[in-house]
Amino acid sequence: MPELTLVDGSGVRRDLPAKLTWQVIVCTVISACGGLMFGYDIGISGGVTGMDMFLEKFFPEVYVKKHQAKANNYCKFNSQLLQLFTSSLYLAAIVACFIGSICCKKRGRKPTMQIASVFFLVGAILNAAALNIGMLIAGRLCLGAGIGFGNQAVPLFISEIAPARYRGGLNLCFQLLITIGILTANVINYATSKLHPYGWRISLGGAACPALLLLLGSLMIVETPTSLIERGKNEEGLYTLKKIRGVDNVDKEYEEISQAVEFSRQIRHPFKNLWKQSGRPQLVCGALIQIFQQFTGISVVMLYAPVLVQTMGLGENASLMSAIMTNTVKPIGTAFAIVVVDRFGRRALLIEAAIQMFISFAIGVILAVHLHSTNVVAKHYAVLVIVLVCVFLAGFAWSWGPLGWLIPSEIFPIETRSAGFSVAVIMNFVFTFLVAQTFLTMLCHMRAGTFFLYCAMLAVMCLFAKYFLPETKGIPIDEMVERVWKQHWFWKRYYKDHDTGKGGLEIQDKPKENTIA
């Protein structure tokens, strides 16, 4: 029987029997379809905003500027309304993520994923049938709600069902499906760009496919043992734990989960407890890694890559083809991360990739030197930009992309896990919205300086990963506080005055009776 062998802070061996079962693999793949929804939307929205037939119908002023011979290269696509089409999704996602955290705790991870798929399905239908800008934005808001619920539930679901030994690789399946969704969207955009005048409707309506996959697939998967026990379904939780571990001897893990759940029930206000001294290390690291994920410049590259390539003088079809080429790199990079993340750890990948992405932003130098207001850049420079984008995407795909979702999903103790992860995801959506809403305007006014701004952020991120982010590979999710945070050179100081055991949280209103309802 394969066992997960652990050593705790006192040096005592602990064996948690756990097989990598087909049940876990199937549940991971199906739930990760939430990432497929997210990725498809990212790829589609970036592609359709470069299609003439789409711009002519909904954003005619941008269409006119795009085809003006003397139009400023950096300002062709500068439109607050066009940016709102892309970024409105993230406004809805912010609200949905907060509601989703409550739904995860009260109803479970599985129902939350089902709600996500329904919202996304409605949004896809509205966008495909859009007759005006209002209908288009309404569809984007529904898509955002679906992504908010899905991104809240899926990483938590995978982290809770995965054995600690394989948690990193399995959780990265979420990011892998995001990259596959982006690549699929790029291929569809390339095909539909030639189908006038309704090609954009096919692209946007295609979002219904991953939503249906998640909705129907979610009927086949189990709920996580943690969620079942958290909602008082102890016997079902124990049965499910045996089922997903593939062994009957799960007493140690079941006891560990039960103790964590009992403690979490005494926490009446998990969001409030996040701000207490002993809750800050996870809160700060979880929020910052999501914020930093956006400050890599990834949203800029993904959402506006086709637009950027057109700005440099390549045609509409050429820009969409380049998007397909560059986004083929991401699934390969993420697959690489799945293989190595539980071997080399999280921090090593983050640090290496920050340096790699920093170098790849030589894109800014090329734009500064060769792309002026109204000229066309030589083709070989445009090709070099595409190569550098590939280098950037490869680094992101095996580091800040997948680990930005993995790390926040595994560092919070159960009493604040859903609340803490929702705060981290909300930070991601807030800053994705800010980047999406401001990039085209920044490009217009700052020009190539936009890319140098992201270079500075990458330097900061590298230092953060090296000195302030603890390593979490191979640590059981309910032992993070004792074995990770209390051992870290900087964060351990937050537990000296408030060390009350689990998470170091203070419980102000303890039940008067010993029994817990």
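Any Cβ shown, glycine's included, is placed from N, Cα and C.
Worth saying up front: this structure is predicted, and the values here are computed from it rather than measured.
Within its own chain, the transmembrane segment (20-40) is flanked in space by residues 2, 113, 116-117, 120, 146-147, 150-151, 153-154, 157-158, 161-163, 166, 170, 173-185, 206-207, 209-211, 213-214, 217-218, 220-222, 243-246, which lie at least six positions past its ends and keep a Cβ under 8 Å from the stretch. The transmembrane segment annotation in TrEMBL covers 20-40 (among others).
Summarised as a single figure, the pLDDT of the domain 'Major facilitator superfamily (MFS) profile' (27-473) averages 86. Here TrEMBL flags 27-473 as domain 'Major facilitator superfamily (MFS) profile'.
The transmembrane segment feature in TrEMBL is assigned to 81-103 (among others).
Residues of the same chain lying 6 or more positions beyond the ends of the transmembrane segment (115-131) and with a Cβ under 8 Å from any Cβ of it are 34, 37, 58, 96, 100, 103, 138-150, 153, 201-202, 204-208, 210-212, 214-215, 218. The transmembrane segment annotation in TrEMBL covers 115-131 (among others).
Listed as Cβ neighbours of the transmembrane segment (137-158) (distance under 8 Å, sequence separation of 6 or more from its ends, same chain) are residues 27-28, 31-32, 34-35, 37-38, 41, 84-85, 88-97, 99-101, 103-104, 109-110, 112-113, 115-128, 130, 167, 170-171, 173-174, 204, 207, 211, 214, 224, 405-406, 408-409, 417-418, 421-422, 425, 428-429. Look at TrEMBL and you will find 137-158 (among others) tagged as transmembrane segment.
According to TrEMBL, the transmembrane segment annotation covers 170-192 (among others). Sequence-distant contacts of the transmembrane segment (170-192) (same chain, six or more residues past either end, CB-CB distance under 8 Å): 24-25, 28-29, 31-44, 47-48, 51, 154-155, 158-159, 162, 199-200, 202-203, 206, 210, 302, 306, 317, 320-321, 323-324, 327-328, 330-331, 333-335, 337-338, 341, 397, 401-403, 405-406, 409-410.
Feature annotation from TrEMBL assigns transmembrane segment to 198-222 (among others).
Per TrEMBL, transmembrane segment is recorded for 283-307 (among others).
According to TrEMBL, the feature transmembrane segment maps to 319-341 (among others).
For 348-369 (among others), the entry in TrEMBL reads transmembrane segment. Same-chain neighbours of the transmembrane segment (348-369): 296-297, 312, 337, 340-341, 377, 381, 384-385, 388-389, 391-392, 394-396, 398-400, 403, 447-452, 454-455, 458-459, 461-462, 465-466, 469, counting only residues six or more beyond its ends whose CB sits under 8 Å from a CB of the stretch.
Taken from TrEMBL, the feature transmembrane segment applies to 381-407 (among others).
Here TrEMBL flags 419-439 (among others) as transmembrane segment.
Feature annotation from TrEMBL assigns transmembrane segment to 451-469 (among others). Under 8 Å from some Cβ of the transmembrane segment (451-469) lie the Cβ atoms of residues 285, 288-289, 292, 295-297, 300, 346-347, 350-351, 354-355, 357-358, 361, 363-364, 367, 400, 407, 442, 490-491, all in the same chain and six or more residues away from its ends.
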